[in-house]
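Database features, via TrEMBL:
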COMPBIAS  54-64  compositional bias 'Low complexity'
COMPBIAS  78-90  compositional bias 'Polar residues'
COMPBIAS  104-121  compositional bias 'Pro residues'
REGION    40-66  region 'Disordered'
REGION    78-121  region 'Disordered'
REPEAT    226-267  repeat 'WD'
REPEAT    287-317  repeat 'WD'
Amino acid sequence: MNAAQGTVGSDPVILATAGYDHTVRFWQAHSGICTRTVQHQDSVSFPPSPPPRRLGAGPASGPRLGPLLLRTALNGARSSSLPHSVTGPITSEPPHSVTGPITSEPPPSVTDPIPSEPPPSLCHRSRNLQCQRIFQVNAPINCVCLHPNQAELIVGDQSGAIHIWDLKTDHNEQLIPEPEVSVNSVHIDPDASYMAAVNSSGNCYVWNLTGGIGEEVTQLIPKTKIPAHNRYALQCKFSPDSTLLATCSADQTCKIWRTSNFSLMTELSIKSNNPGETSRGWMWDCAFSGDSQYIVTASSDNLARLWCVETGEIKREYSGHQKAVVCLAFNDSVLG
C-alpha cells in the first residue's frame, strides 16, 4: 500500500471497522473519510478475529475447501473471548471495556450468560449454507484460523486448548500450551511455515509447521514462547510476506516481531504521556497492508489507526465510532 494513495492499480482499498456502537464503517484508507456506515443490531466481528461459536467454510474444487464465510456473532463481538476477565488470576482489574470511560457497553460475555447451552461447536457449511459436519469442543470457542492449504481449521478455546481439525478426514488433534488459560487468537503465516497463538496470560506461542500437503496432516513443532504482553493478548497476525508477527493486547500496545528470530521490532502504543489522562483502552485487532509496510489497529478509544511498521509513526486516524472499535478488515492487495 502507498500511504498517499487509496488504490492499488484499479482495485479499491477495502477498510472496514466495527465496534460496540453496533455499526460497521467503511473507510477511504488514504484519506480517513468514512464512505459508508451500516447499522447492525448485534456487535460484529470479522474473521480471523474471535468468531461466533458456529462458523462456515465454503468448498473449493477438488478435495480442499475454500475461504471462510463472513458471519456475525449473534451474541455479540468477542462474547466469549476473555473467560478470565472476571474470574481469572491474571489481573484483578475488570476489562477496560466494562469499567472504563471509553465505552459503557459491557461485553455480552459478562451480561448475557448462556445457561444450558449445548457444547460449543464449529459447523462446516457448503456454499448453499447447509451444515455438512460439526466439530464440538468442551469449552467456548474464541478463534478459528484456516490453514493456507484450505483443508484444516485451527481452533482455540477458553480452556486453553488448540484443536487441529482436518476437514477432509474429520480427524482432529489437540495441544494445550497453558492449561486453563484462554487462547484468544491463532494465526498461520501465508507460507505455512509458522503458527502463532496468544492467550490471556499475554504469552505468544510459536510453532514450526511441517506436512499439511496432500493427505499428510500438519505437524506442529514448538519454536518459541514470547512473553509478549503483561496483560491479555487479544490478537496475533502474520504479515503477508511472512517476515513479521503482530500481537495486540489489553496493555494498550500492538507489538511487531521479526519472524527471523522473533525479536521485537516495533512497539505501537496508544498510552498517553499525560499522567492525568485515563487509559485509552485496549488494542483489539490489527491487519497488515499487502506490502507488509503498514498496519491498521482497532482500539477501545473509538479509533482505528494506520501505522508505519518500520517507524511506528501514525499515518492516519479513522474517527467516527461512538464506542470501542473491536475488529477490522483490511485489504489493499491486487486481485488476480
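Backbone N, Cα and C atoms are what each Cβ position is placed from, and that goes for glycine too.
DSSP assignment over the repeat 'WD' (226-267) gives 0 helix, 23 strand, 19 coil.
A mean pLDDT of 97 is what the model gives for the repeat 'WD' (226-267). Counting residue by residue with DSSP, the repeat 'WD' (287-317) contains 0 helix, 18 strand, 13 coil.
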